[in-house]
Amino acid sequence: ATGTIITASSHHWLMAWVGLEMNTLAIIPMISKQHHPRATEAATKYFLTQAAASATILFSSTTNAWQTGTWDIMNMTNPTANMLLTMAIAMKLGLAPMHFWLPEVLQGSTIETALIITTWQKLAPMALIFMTSNTLPTTALLTMAMISTLLGGWAGLNQTQTRKIMAYSSIAHLGWMAAITTIMPNILTLNLVLYLTMTTSMFYMLILLNSKNIKDMATSSSTSPTTTTLAMLTLLSLGGLPPLTGFMPKWLIIEELTTQNFTTTATILALSALLSLFFYLRLSYSSTITLAPNTTTTKHKWRFKPTINTTLLTTTLPMSLLMLPITPMIC
């Protein structure tokens, strides 16, 4: 939390880098706390990727300072430095084509740690994007946005592990955010807030249902039918299906891209959303198919049901499902 706050509130590139490094070093023990080879591998991959991205950010800011004589974050005017910064932030966030670490790290972590990586760890890089949105290269961001949304949809189709599905979901959503970064930063902020809300709700329900793969989702309705139904609705909201909340940012982004004559990008984003919606629907179908009359009679899984604080879930769940009617107020 301290690292994120330092990065988001700094005006000097060196302090922003310090905050990012604190963020990285703080989460390494959380990833590797299982004392398992998969967790150690995930922690190593995360550390190497984030350290390389932080070093690239420091290199880009040094290049800009060499040319302009200032370390101010808001004054990134050197084109080379801007391109390096874009690549580094894409690596930190997990935007394609620098996305390869994200599914593997989430799969090697616990669901609770995966929740932190896909939500809180996005805040500091997103703060840097928001502060430098006026100078970032639009063409590079739109290209990465199209690649991310397409890859997030295609690669998620053949996944059975819920953490990997959420990882590719994160890649696709980050693609939507990258597409609108330099055009309308206000919509970027709205999309980020709604993404954090929906992802938090979904991960909390995965923790409640103790579901690590699709097979677990298929048997979860016997232990908690209500939570399973809400999980299905949250998945559909993540997919952007109206009249749920997730449709709102996609609608606004496509509208703005079309207004700015980026029709090709808007078309590709809209079509790639169908790919993501397909595996969300498949996961929803597998979780609700046993709600039929031929459902199993068992009331307990072989694992103990986890006990977590559901306050955050009860706060984020209504926002994940019921915020679409406020769209005219935002427009």
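In case you wondered, yes, glycine gets a Cβ from its N, Cα and C as well.
Keep in mind that TrEMBL annotations are predicted by a computer and have not been checked by a curator.
Residues or ranges marked as domain 'NADH:quinone oxidoreductase/Mrp antiporter transmembrane' in TrEMBL: 10-274.
According to TrEMBL, the feature domain 'NADH dehydrogenase subunit 2 C-terminal' maps to 277-330.
The transmembrane segment feature in TrEMBL is assigned to 12-31 (among others).
What TrEMBL records for 43-61 (among others) is transmembrane segment.
The transmembrane segment annotation in TrEMBL covers 81-102 (among others). For the transmembrane segment (81-102), same-chain residues at least 6 beyond its ends with a Cβ under 8 Å from one of its own Cβ atoms are 20, 45-46, 49-50, 52-54, 56-57, 59-61, 63-64, 67, 117, 122, 125-126, 128-129, 132, 135-137, 140-141, 144, 147-148, 151-152, 167, 170-171, 174-175, 178.
Among the features that TrEMBL reports, transmembrane segment is placed at 139-158 (among others). Taking Cβ pairs closer than 8 Å, the transmembrane segment (139-158) reaches residues 83, 86, 90, 95-97, 99, 103, 164-165, 168-179, 181-182, 262, 265, 268-269, 272-276, 278-279 in its own chain, all 6 or more past its ends.
Annotation comment: TrEMBL describes 165-184 (among others) as transmembrane segment.
Annotation source TrEMBL lists transmembrane segment at 190-209 (among others).
Packing against the transmembrane segment (230-249) from elsewhere in the chain are residues 169, 173, 176, 187, 190-191, 194-195, 197-199, 201-202, 205-206, 209, 217, 220, 273, 276-277, 280-281, 283-284, 287-288, 317, 319-324, 326-327, 330: each is 6 or more residues past its ends and has a CB under 8 Å from a CB in it. Annotation source TrEMBL lists transmembrane segment at 230-249 (among others).
Annotation comment: TrEMBL describes 261-281 (among others) as transmembrane segment. Same-chain neighbours of the transmembrane segment (261-281): 142, 145-146, 149-150, 152-154, 156-157, 159, 165, 168-169, 172, 175-176, 179, 183, 235-236, 238-241, 250, 253-254, counting only residues six or more beyond its ends whose CB sits under 8 Å from a CB of the stretch.
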Residue list, the transmembrane segment (190-209) vs rest of chain: Cβ under 8 Å, 6 or more residues beyond ends.
111-112, 114-115, 118-119, 122, 126, 162, 166, 169-170, 173, 176-177, 180, 216-217, 220, 223-224, 227-228, 230-231, 234-235, 237-238, 245-246, 248-249, 252-253, 305-306, 308, 310, 312-313, 316-317, 319-320, 323, 330
